[in-house]
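Worksheet: one structure, shown below.
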Amino acid sequence: MNDIGLIGLAVMGQNLALNIVRNGYSVSVYNRTAEKTKKFIEERVKGEKITPYYDVQNFVKSLSRPRKIILMVKAGNPVDEIIQELLPYLQEGDLLIDAGNSHYNDTDRRLEKLSHKGILYLGMGVSGGEYGALHGPSIMPGGSLKAYQMVEEMLLKISAKTEDGPCCSYIGDGSAGHFVKMVHNGIEYAIMQSIAEIYDIMRKILGMKSNEIGLIFHQWNEGKLSSFLVEITYKIMQHIDEQTQKPLVELILDKAEQKGTGKWTAQAAFDLGIPTPSLNLAVVARALSHFKKEREILSNLFGEKNRIAGDRSLISDLEKSLELSMFSSFSQGLWLIHEASIAHNYKINLLEILRIWKGGCIIRAKMLDFIKDILKENPQNINLLFSEKAMNFIKDKIKSVIRVTELSRRSGIPTFLLNSTLDYIFSLTESHLPANLIQAQRDFFGAHTFERTDEEGIFHVEWQPLE
Ligand SMILES: NC(=O)c1ccc[n+]([C@@H]2O[C@H](COP(=O)([O-])OP(=O)(O)OC[C@H]3O[C@@H](n4cnc5c(N)ncnc54)[C@H](OP(=O)(O)O)[C@@H]3O)[C@@H](O)[C@H]2O)c1
């Protein structure tokens, strides 16, 4: 009898299976396409206690009870299909763990359905890509505490470790784990877009070559910006294409793909009424990048853009701009998680989220310590801004972002993220927004009513005679 079952042997599943077995557990594996299972066993399993199965029934039978089965398959219908296949062989008290990037609504639906059959279910976010899956990811499990406790020991063992402990913590009820993983990805989209915009400015305004840009990112990674995404940007900039001997990044088509978690984050934010402009615009920027042919035609129609030549003093402004946009992306994501926790009754501890994001995951960053200090000071500081520490940080960076965005505007370089960082902060620190005019317009054409600043109540005015 094996301790754990794992279904889905693509990049994540293979590496997670190896990680689990290397931590002392025996694992049964199954993949829909048998060829992949065979290849995995032949090429990557070197005597570890991993047993392949080629049909679901024998796979389930091979597990000690209560059975614990991790699903690492493509999100969406495949998860439902595989659950359907498993159900006839499962018994009350068995546990299914969906470790893919499932939509949180799907997780709630599956949880509800399986609970009627006495099957326990965890919706578990796993971040860190294939490297993290093998060497220790950040793990965000949600569902019932009882279900979590059945696998807690194993999850703590296989997760990444930092000086603050294992990067795994019970996130909360229902779909809490998948919600937090989704927002993690939304923040990831935003930070990646900020880095890309800064790279664009370095090459277009400062005329820097990829390897020079890489060295700057390397330097930044030694300081306050130390983070996985800054680190890999340095490595990417240094990577030379064997065929052409050119930096590979310069040969990659500028069309960014997406699998959905960024879009879902924006949709969830709209549903909950939480402003996450940077997270939303990172999705917009990827969508826009897709129109390559159209961009080429329009770029000819528009004509050459007048690039302003910048000097290297801009680099310290770019560093501060990345710091502020990273901070504001975390601010927006944490606010969304806080609000979702109330709306969905997840009971999420934001400090724990920050702790488990410190290692293993794609958005791990030194800045999380600073953010943790701000939140510790005042746990009600839902978007981090209600703090003198945060305000001093912002004030120290904002002039740099203004300088960078002014230059990029005048040079015709799009900077969705850097601009949205400024607008987010300027809007939240503005006591008078022009929303009074919006309210007047709404009342004018739709009798939607408005409130007044000088009197309590709800008002409507006949702005013009109807007849
Ligand atoms: N890649 C990453 O860096 C990363 C990071 C974190 C989380 N995730 C999430 O982790 C999950 C796995 O990701 P991945 O990149 O390893 O693989 P993936 O490309 O998302 O999915 C491929 C796996 O799903 C299986 N599958 C697809 N349709 C199926 C169906 N109808 N029934 C049964 N199995 C089916 C495939 O089996 P076949 O071999 O038979 O096609 C294969 O094992 C996804 O939810 C993904 O979003 C991925």
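Glycine too: its Cβ is placed from the backbone N, Cα and C atoms.
Just so you know, TrEMBL annotations never went through curation; they're auto-generated.
These come from TrEMBL:
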- G8, L9, A10, V11, M12, G13, N31, R32, T33, V73, K74, A75, N101: NADP(+) binding site (BINDING)
- N101, S127, G128, G129, H184, N185, Y189, K259, R286, R442, H448: substrate binding site (BINDING)
- 177-464: domain '6-phosphogluconate dehydrogenase C-terminal' (DOMAIN)
- K181: active site, proton acceptor (ACT_SITE)
- E188: active site, proton donor (ACT_SITE)
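Positions of TrEMBL features highlighted on the structure.
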residue: G8; record: NADP(+) binding site; contacts (Cβ under 8 Å, 6+ apart): N31, L71, M72, V73, K74, I82, G100
residue: A10; record: NADP(+) binding site; contacts (Cβ under 8 Å, 6+ apart): K36, M72, V73, K74
residue: T33; record: NADP(+) binding site; contacts (Cβ under 8 Å, 6+ apart): none
residue: G128; record: substrate binding site; contacts (Cβ under 8 Å, 6+ apart): H135, G136, P137, S138, A160, G360, C361, I362
residue: K181; record: active site, proton acceptor; contacts (Cβ under 8 Å, 6+ apart): N101, M124, G125, V126, S127, M140, T261
residue: E188; record: active site, proton donor; contacts (Cβ under 8 Å, 6+ apart): L229, G262, I362, I363
residue: Y189; record: substrate binding site; contacts (Cβ under 8 Å, 6+ apart): Q258, T261, G262, T265, L279, A282, V283, R286
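In this structure the alpha carbons, written CA, of H448 (substrate binding site) and M12 (NADP(+) binding site) are 51 Å apart. Candidate recorded positions: K181, H184, E188, Y189, R286, H448. Not one of them has a Cβ under 6 Å from ligand 1. In this structure, the binding-site residues under consideration are K74, H184, R286, H448, and the one with the smallest number of other Cβ atoms within 10 Å of its Cβ is H448.
When each of the binding-site residues N31, N101 is scored by how many other Cβ atoms sit within 10 Å of its Cβ, N101 comes out lowest. Annotated pair M12 (NADP(+) binding site) and H184 (substrate binding site), C-alpha to C-alpha distance, rounded: 17 Å. The record assigns N101, S127, G128, G129, H184, N185, Y189, K259, R286, R442, H448 to the substrate binding site, and the maximum Cα to Cα distance across that set is 48 Å. As a whole number, the greatest separation of Cα atoms within the NADP(+)-binding residue list G8, L9, A10, V11, M12, G13, N31, R32, T33, V73, K74, A75, N101 is 21 Å. Taking all protein chains in view, 23 other C-beta atoms sit within 10 angstroms of the C-beta of M12 (NADP(+) binding site). According to DSSP, M12 (NADP(+) binding site) is assigned to a helical segment.
According to DSSP, N101 (NADP(+) binding site) is assigned to coil rather than to any helix or strand.
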